[in-house]
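Participant: Structure in structure tokens, see below.
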Amino acid sequence: MPDNKKHGSSNRTITFFVCFLAALAGLLFGLDIGVIAGALPFIAHEFQISAHQQEWVVSTMMFGAAVGAVGSGWLSFRLGRKYSLMTGSVLFVVGSLASAFAPNVEVLFISRVLLGLAVGIASYTAPLYLSEIAPERIRGSMISMYQLMITIGILGAYLSDTAFSYTGAWRWMLGIITLPAILLLIGVFFLPDSPRWFAARRRFHDAERVLLRLRDSSAEAKRELEEIRESLKVKQTGWALFRENHNFRRAVFLGVLLQVMQQFTGMNVIMYYAPKIFELAGYSNTTEQMWGTVIVGLTNVLATFIAIGLVDRWGRKPTLILGFIVMASGMGILGTMMHTGIASPAAQYFAVAMLLMFIIGFAMSAGPLIWVLCSEIQPLKGRDFGITCSTATNWIANMIVGATFLTMLNTLGNAWTFWVYAGLNLIFIILTLALVPETKHVSLERIERNLMKGRPLREIGANL
Ligand code: BGC
């Protein structure tokens, strides 16, 4: 069918464009996580706020994100993925402007909550949209691409923070994010809604129309519509299933645990407080701290490629274990150095090397892999509910980490703060060995069957 072929290449372009725009949501997620690190010292100075209030400048966003993640299951069903993403984009624009113009710290808190809602909606809806719209063969790499966009967003924020730091212009640091947010709003406006959502609302004509635009041939589009119709026969019964079914509760528990593990590695302590950590490592001037932070962001982007290469070859479990070992070592050695004192330039370099080692450990493992695993382990019937629980946990745990770091430094001292995180990473090695399944090259149906048969969690990826 020559006509179909021509159709094919233009459809691929549309698919790419669609995925690219949805991934822009990941970029904004990253920008908003990253921006606060560089802005915080200047905000603290201008508003003369305590360590505790600084923690809340960081964490109010995570609070909003947890609420946004819980609400967006409902939102993305009622409004559709497209209009949910648009709601998220509008909140991004409003939150960025409000935080840039905040006259006092209270308004800043409120605008950070708004931004959080936006990030929560984006972090739930964008991967969902990507997985529903991307052709089957590239679905897996889409999730890693999303994580990559998050890390690029964080790096972008660090770079812009650094550029503005020379004049201390924190309002510009926060305000500049309005531009990509507007870009996302315009982009999403032109996106089609997800064919799966149309079908779930029994709008099969619309579903078919979108699939015809996105797939290589009309035969492929028809086949996919049939598959969607089939899978919709499985009704989502999240809460009821959770109450009745012990095996489903185990999957939800695993998703929640995985996200707690990801956050309590301590990664976001570095993401939010990097300049502060450089200060603890003996770099007293702002320029050094800011450029150090940029190097952290760059390392995070580059090491994510290691995960993309390893995840389908080595598998999830060994990669995660290696990551936790690297992270425990990095945090442990940093703590010890803080204990003995970082005096010479050589010791300072070494401390930075340990910090970067930790980042590599996270980016090559827990960063992307936890998201991958969380999307693989839930049975179809309870998928929306299970993923809502794990995504909300990501943000709640994230908030706890962000809201306690400075207090930990003040009460436990620098060394013990890092040792606590090193200890947690050691515990995660044991938990991974005991509870995390290997899901490499295993179909989602197989995982579901094993789970529902009551096999131990660590064996639900077994092919036998
Ligand atoms: C985590 C974020 C973290 C980011 C760092 C993500 O997977 O969920 O909390 O800031 O990775 O790259």
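If you go along the chain as it appears here, the first residue is 1 and each next one adds 1.
Placement of Cβ uses the backbone N, Cα and C atoms for every residue, glycine included.
These numbers come from a predicted model, not from an experiment.
I grabbed these lines from TrEMBL:
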{"type": "TRANSMEM", "residues": "14-44", "note": "transmembrane segment"}
{"type": "DOMAIN", "residues": "18-440", "note": "domain 'Major facilitator superfamily (MFS) profile'"}
{"type": "TRANSMEM", "residues": "56-76", "note": "transmembrane segment"}
{"type": "TRANSMEM", "residues": "83-102", "note": "transmembrane segment"}
{"type": "TRANSMEM", "residues": "108-130", "note": "transmembrane segment"}
{"type": "TRANSMEM", "residues": "142-160", "note": "transmembrane segment"}
{"type": "TRANSMEM", "residues": "172-192", "note": "transmembrane segment"}
{"type": "TRANSMEM", "residues": "251-274", "note": "transmembrane segment"}
{"type": "TRANSMEM", "residues": "290-311", "note": "transmembrane segment"}
{"type": "TRANSMEM", "residues": "320-343", "note": "transmembrane segment"}
{"type": "TRANSMEM", "residues": "349-373", "note": "transmembrane segment"}
{"type": "TRANSMEM", "residues": "385-406", "note": "transmembrane segment"}
{"type": "TRANSMEM", "residues": "418-436", "note": "transmembrane segment"}
Participant: Using a threshold of three or more Cβ pairs below 8 Å, and leaving out pairs closer than 6 in sequence, do the transmembrane segment (83-102) and the transmembrane segment (14-44) count as in contact?
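Facilitator: Yes, since the transmembrane segment (14-44) and the transmembrane segment (83-102) share at least 3 Cβ pairs closer than 8 Å, they count as touching.
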Participant: Short question: most Cβ pairs under 8 Å with the transmembrane segment (320-343), which of 56-76, 83-102, 251-274, 349-373, 385-406?
Facilitator: 349-373
Participant: Looking only at the domain 'Major facilitator superfamily (MFS) profile' (18-440), what is the mean pLDDT?
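Facilitator: Summarising the domain 'Major facilitator superfamily (MFS) profile' (18-440) by its mean pLDDT gives 90.
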Participant: Restricting to CB pairs under 8 Å, which listed stretch, 56-76, 83-102, 108-130, 385-406, is in contact most with the transmembrane segment (172-192)?
Facilitator: 83-102
Participant: Does the transmembrane segment (56-76) reach the transmembrane segment (108-130), going by 3 or more CB pairs under 8 Å (6 or more apart in sequence)?
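Facilitator: Yes; at least 3 Cβ pairs under 8 Å.
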Participant: Please report, as numbers and ranges, the same-chain residues at least 6 past the borders of the transmembrane segment (385-406) whose CB is under 8 Å from any CB of it.
Facilitator: 51-52, 54-56, 58-59, 62-63, 65-66, 68-70, 73, 116, 120, 123-124, 128, 236, 238-239, 241-242, 248, 251-252, 255-256, 258-260, 262-264, 266, 268-269, 272-273, 276, 374-375, 377-379, 417
Participant: Before we move on, state whether the transmembrane segment (418-436) and the transmembrane segment (108-130) share at least 3 Cβ pairs under 8 Å, counting only pairs 6 or more apart in sequence.
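Facilitator: Between the transmembrane segment (418-436) and the transmembrane segment (108-130), contact is absent.
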Participant: Apart from its near flanks, which chain residues at least 6 from the ends of the transmembrane segment (108-130) lie with a Cβ under 8 angstroms of it?
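Facilitator: Distal contacts: 19, 22-23, 25-26, 28-29, 32-33, 43, 47, 56-57, 60-73, 75-76, 81-82, 84-85, 87-89, 91-92, 94-96, 98-99, 102, 142-143, 145-146, 181, 194, 371, 375, 387-388, 391, 394-395.
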